[in-house]
Every structure is written in C-alpha cells, then in structure tokens.
Amino acid sequence: MAKPRRNVKFAHRSNLSTSSDIGRRDSLSGDDNAPLSPLRNGISVDGIDSSTGSRSPSTPLSEYEKKKQTFITRTIWTLVMIGTFFWAMAAGHIYIVGLVSAVQVITFKEVIAIANVPSREKKLQFTKSLNWYFLAATMYFLYGESVIYYFKHIVLVDAFLLPLATHHRFISFVLYMMGFVFFVASLKKGHYKFQFTQFAWTHMVLYLVVVQSHFIMNNVFEGMIWFFLPVSLVVTNDIFAYICGITFGRTQLIKISPKKTVEGFLGAWICTVILGLFMTNQLMRYKYFVCPVKDLGSNAFTGLECTPNPVFLKQEYELPFWMQPVFGKILLIEPMQFHILAMATFASLIAPFGGFFASGLKRTFKIKDFGDLVPGHGGITDRMDCQFIMGFFAYMYYHSFIAVHVRATVGGILETAITSLSPEDQMEVVERLGRYLVGQGIANEKVG
C-alpha cells in the first residue's frame, strides 16, 4: 500500500496557506478526513476577504454576481438615457433635433464600422473618408430640405440664405457627384469587388439610418406629440414584450431571435394599445405637444400657441345599433384616439421587425452588439433599431391621414413671389399690398 505523501504543496491551494501550514488541515478535531475550513488566512472559498469584506482581485465573479452587476449597470444607464431624453424634450425642439442628429451620426458610425475592418486590412485609405463624405452630403441635402420647407418665412428673406435655398437641390447634387467621381477615381486594381461592395453598403446604411431618421426630425417640427408618441410606443412595446414573454412565453416567434415568443408578441400589442390610449389622452391636452413649431427658441416653459388640429378636438360619432345599449347612441371622442390604435398596432406588429433585421445583421457578422458606447446596453444602434422604421411610419401616416393642408401660407406666398416674379413685379406686389392694408385700416400710410 502506498504511503501518503506529506508536505506536498498544490498549486490551487498555494494562495490559501503559508509555509508553516503545509500539510495541515484546518479542522477543529484534527481529523484528516474532516472537510476543509471555508477560510484560509482570512480568504473565504468564494473569494471574499473575511477581514475587510472585499473580494480578492484575482477571484472571478460568480454567475449571480455578474448578472447583478449587469443589472445595476443597465439600470443606471437606462435612467441616464431617460433623463437625457426628457431634458431635451423640456429644453425645446432644437435640442430634440440635436439629439436626433447625434443618434443619427453615431448609428451610422457603428453600422459602417462593421465593414471598415476589411478595408484597413486591404490598406484602402479613402474608404472611411468617402463614407463620412457621403454622410455629410446626405445630411446637407435632407436638413436643407426640412429647413426650407418649415422655415420659408425666415430663409427666403435672408440675403445670405436665399441663394442657398433657391439652389439647394443643385448644390446637393454637385456635392454627391464629387463624391461619386472621387470613388471611381480611387478604385484599386484587385479590389474592385470589395470596393463596390463597400459603396453599396454605405448607401444601404444611408437609406436605413440617415433617411429614416430625417423623417423623425420632420415629426418634431410638425408637433412634439408626433415625435414623443412613436418613440414611447416602441419603448412600451419592448418592455411589455419582455414581461409577457418571461411570464407567458411558450411558442417561439422567429428563429432569428430565439428569445422572442408569440405570447410575448401578442401580449405586448394589447398592453401597448392600452397605454397608447392613456398617453394620447394626456398629451393632447397640452399645446406644447400638439402645436407645430414656428420658433425654434420655444420650450416647455415658454409654451406654444396655435389652433389645434381638428384631430385633437372632440367630435360626435353615431354608434352602430349593437353598441348603443352599452355606450349610447352618440360617442363624443377625439379622432386621435382612433389614430393611436393604428400607430400602436404598427409599433407592436411591424416595428419589431426592424429589431429582427438588426439581429440578423449581427448574426451575419458574428457580433453581439453594434458597439459599446452605452454600458450594459451595447451601442446606440442596439437601442434604435426599431425607432427608425417607426418614425418613418409616423411621418407617412401623419401626412396621409392627419395633416391639415392649408392652401396658402406666408412661406408659400414668399416662395412663389421670390422664385416666380421679377424684382419689379415683387416691388409692385409690395406696393399694392401696402395700399390694400392702408385702405382697410390695418396699417398706417407709411406702409403704402
């Protein structure tokens, strides 16, 4: 029978015993078969120092502690993002536009970076510069279109901005063509296929990110409610999809996102509709939300004044006979309550496919997140994948079913006069309009 070896020092115990303790067991009875003590020189088995209560730096975290730290980090940064969002909402429309622009640029950077790694390996130095150039040219075109459309009464009377406004589309075209020519000139033999793939990838990102986020900015100008509601509906749906999924989820919804369930998908739809009705009922009471922006200096404290869109005013609806015993013959309600049903349904049943698209993209490139800008959440793209398509829908839905199209506006008349009349005719218009105002007693004789 082999004799037991003594004074043998095991590597995994070296940090738990001193030279004088080699071969000894920490047992009160001194029995060699007794279990090891949970302490070795003040260090517990789970890595906690009994003297200080702190963790040993070299001891890895347990699975529970990892989840705990992740939860705390995600919660803190969720509160930071929510706080930033509501601060921008209260500060005014210009801050929301700035926030949307920042999200737009960061998202573009994260998505385009996926394809930039091979370009560095191939030493194609102009690929990244061209990406940013096309982004700048696209933003110049889209932002210029929005400013000219919503602020004609300001842009068209400024001597410096007038030429930029009247020739905006041609200038944008020239900027794009400069990038196009430079791309063709930078083609390198042996890398044609890769470079054209990069060109297509850049334009896909410009469409899916920059163009769609541009419509979100237009929603801000139409009224804060058309920005806040779509964003809130997507966030609400995401939260309730998680809650309903872990509570009732049994049936897998789509293979590309294994954790998504049919029960969570449908449960979130119902919850989003209910909460959407409640939020709409509250928001349309405040003109700061329902009024289109005319002054970018306005904020939640200065407020806005306007004649509300009829969609926010109560109207009478005659109910079908089978509903009358319960609700009465006439229902008095704001039409917006019907429109929110369509928006909540889109946010619940269609917008999540933007997230599924992003999941497929990440699986294609074998990455977990698009970035690590937001601790615990990944990149901005990971949080905005559903928002872009929802904002695009909100813009299209608003202009198709809700917007009030006024025949004439100050900006529209100025645009017609400036672009269609000669300077002599413009002076005649001013003179005759002045006479009319004096004759009606609206203005004094100096105007005429």
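Glycine too: its Cβ is placed from the backbone N, Cα and C atoms.
TrEMBL labels come from automatic prediction, so no person has curated them.
Keep in mind that what you see is a predicted model, and the values were worked out from it rather than measured.
Listed in TrEMBL:
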{"type": "COMPBIAS", "residues": "1-12", "note": "compositional bias 'Basic residues'"}
{"type": "COMPBIAS", "residues": "49-61", "note": "compositional bias 'Polar residues'"}
{"type": "REGION", "residues": "1-61", "note": "region 'Disordered'"}
{"type": "TRANSMEM", "residues": "71-88", "note": "transmembrane segment"}
{"type": "TRANSMEM", "residues": "94-118", "note": "transmembrane segment"}
{"type": "TRANSMEM", "residues": "130-150", "note": "transmembrane segment"}
{"type": "TRANSMEM", "residues": "170-187", "note": "transmembrane segment"}
{"type": "TRANSMEM", "residues": "199-217", "note": "transmembrane segment"}
{"type": "TRANSMEM", "residues": "223-249", "note": "transmembrane segment"}
{"type": "TRANSMEM", "residues": "261-279", "note": "transmembrane segment"}
{"type": "TRANSMEM", "residues": "338-358", "note": "transmembrane segment"}
- Query: Other than its close neighbours in sequence, what residues sit by the transmembrane segment (223-249), given a CB gap under 8 Å and a spacing of at least six beyond its ends?
  - Reply: 85, 89, 93, 96, 216, 259-269, 271-272, 275-276, 279-280, 283-284, 288-293, 309, 340, 343-344, 347-348, 351-352, 386-387, 390-391, 393-395, 398
- Would you call the transmembrane segment (199-217) and the transmembrane segment (261-279) in contact, using three or more Cβ pairs under 8 Å, pairs 6 or more apart in sequence? no
- Folded-back contacts onto the transmembrane segment (71-88), same chain, C-beta under 8 angstroms, at least six residues removed: 95-96, 98-99, 231, 374-377, 383
- Query: Near the transmembrane segment (261-279), which same-chain residues lie under 8 Å Cβ to Cβ, leaving out any that are not at least 6 residues past its ends?
  - Reply: 229, 232-233, 236-238, 240-253, 337, 340-341, 343-345, 347-349, 352
- Query: What residues in the same chain, six or more past the boundaries of the transmembrane segment (94-118), come closer than 8 Å to it by Cβ-Cβ distance?
  - Reply: 84-85, 87-88, 127-128, 131, 135, 139, 194, 197-198, 201-202, 205-206, 209-210, 213-214, 216-217, 220, 224, 227, 296-297, 361, 365, 367, 370-371, 373, 379-381, 384
